[in-house]
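Here the structure comes first, spelled out in C-alpha cells, and everything after it is commentary.
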C-alpha cells in the first residue's frame, strides 16, 4: 500500500498528488527529501528514509520534473521501481506538447488529470509482482549431493582423490612429453639412467622429495660460494652517542619530570624557554582572525602554453579536417544519454579515488551527476566532458557548504549572555591530533578575548595531562595575565589518570561556571603562599567563557570505549561535539564517522541522541592536492568542517574554503 505519490517541478510547484492512506500529508517527508538530497547533490541513491517512511524518486531533467513515491519502510514493495518508471513515461508522454509549447506557463495554468492513468498503472504493477512465482528451493534429489554414493566419499589413506587426479592429467602429460624428448639425448650417458629410474621406482614419494631437495641445495650452495666475494668487516663504533636535536634542550635536569606533582601543582614543573615567533608562525597575521584555506593553482601562463601547443597541429591540417577536429565531441542541441556520459564519469570516478575520496562516495557522486544530467538538452558547442566536469564541481561545492554554519564566536557570546560557559567536546581515533588542535583553538579563542578552561579527560594515555599542561604554560606565556587586566586566560583542570572521564568533565564545567574549586592549574599566576600550597584564580566568582573537553583517542570498533564516550556526551550535554579526523585517510574516514555516530546513538539513553556536530580536519599540510577526505567526511555526515589544521604552530588554523578544496580536487 502506497502512502502517497506526488509529481512536482524543480521550482517547487506541485503538479499532481495521490494520497493512498489517511493521515498526515506528504509535505514533511518531501521537504526533507528536497533539503537533504536534492539541494545537497546526494542523488547517488534513489531511495531516502524519513522517520517511518521510505521515499523513492526519479528526476526528469528535460522538463525539470521530480516523481516521488512514499510507503512504509517496514513493507517490501517490489513493484515500486517499475511503477515510478511507468508513471514517469506515461505522464511525460501525455503532457509533452504542453510542456514544450507553453513552458513555465504550462505548469502554472495547466490542469493535470492523471488519476485514472495512475490507478491503471498501479494495478498493472501490483499484478505483475503477483504473477512472479516465488523461487522454490531445490529438493535433495535435485542436488548434486544426492548423486554421490557412500563409496565415492570414502578416501583411502595414500590414495589421491579422483578429481585431483583428473585435474593433474594435463600436467602429467606435459611432464611425460618433456621426459620423452629428453630420453634420446640422455641415452648416450651409459647405464646410469636406467638404474636411476629403477631407484626412483623403488623409493617412496617422501624419499624422492628429500633427495631432490638435497640436490637442489647442493647445486645452489656451490654457485653461491663462487659468486661470493670477501667483504672487509666494518669497524664497529665503540660507544653509542646520544642524538641532540636542534630545538631540544641538552640539560638533563630540565628534562627530568620524575619529581613533579601529577595533580594540579604547577610550581614543580619547570618553565622552559622557547621562541614566541616559532610558536606563532606568521608575524604579519591579524590577531584573532581565522583565515580561509588557500590553494595555489597552476600558473595561467603554463596553461596558455599548453592551449597554444595543442592548437598548432590543428591549424596545419586542411580546412575540412580542422573543422571536424574542432567539432569532435560536441553535442548539438540534443539531450544527454547515459551512454554519452559513462566514459567521462568512469574517468571522473577514478580521478576522485586517486585524490583520496572514498570509493563508495566517488561512485555515489558520479551517479548523482548522471541522474542530474540525464535527459538534459545541451547547447550546440558544449562538450560532454566539460558539462560533466562543471556539474561535478557544482555538486562538490554544494556538499562542502554546510546546511548549518557553525559560528563558534557567536555561540560563545550567546552563552555569555546566559552566564554559562560554552562547552566543546573533542573526540576521534588515536593519533589524529586532538590535543594539538585543541591548543590551537584555545589560542584562537584567547586572541578573540575569551577565557578558556581545558578539561583533561584523557585519563588513559600516558603523558596526555603533561601535554596539555605544557600547552597551558605556553599559551599563558604568550598571553600573560598582565596583558588582560590580571585575568588568567587559560587554565587546566585535571584529576590525574585512571579516573572517570565523564565525572571530570562535569566537575570542569561546574568549575568553569563558578570559577572556584577543583584542581584547576593557573600556571602563570604569582608563586603560592606557604599556607596555600595550590594557586587559586584571581577572583573566585570569575567563570570561564569556554570549556574545551579533551577525550582519549579510541578506535571506532572498541565498544567499551565508545560507550564511555557516549556517556560523557550524554551526561554533560556539550554545546558542540567535534570529531577530529586527519586528512590522510581515504575509505577509513567513512568507517570512522559512521561508527562514531552509530555508537553515540546506540549507547545514548536519550530519546534524541546527541551526534557529531562538526569536523576538525587535521594534517592538511601533508596531503598536497589529495583532499578527498574532506569530501568523504562531509558527504557521509552532512556536517560542516569547522576548523582545518595546517601546521605545527598555534596560528596554523584555518576555516574551510569550499572552492579552494574543489579546485585542488579537480586538478589533473
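The backbone N, Cα and C atoms fix where each Cβ goes, glycine too.
Range 154-207 is the one annotated as region 'Disordered', of 46-99, 100-153, 154-207 (source: TrEMBL). The feature region 'Disordered', as given by TrEMBL for the ranges 297-319, 320-342, sits at 297-319. Taking the domain 'SRP54-type proteins GTP-binding' (640-653) as a whole, pLDDT averages 89 in the prediction.
Counting residues of the domain 'SRP54-type proteins GTP-binding' (640-653) by DSSP class, helix then strand then coil, yields 0 helix, 6 strand, 8 coil.
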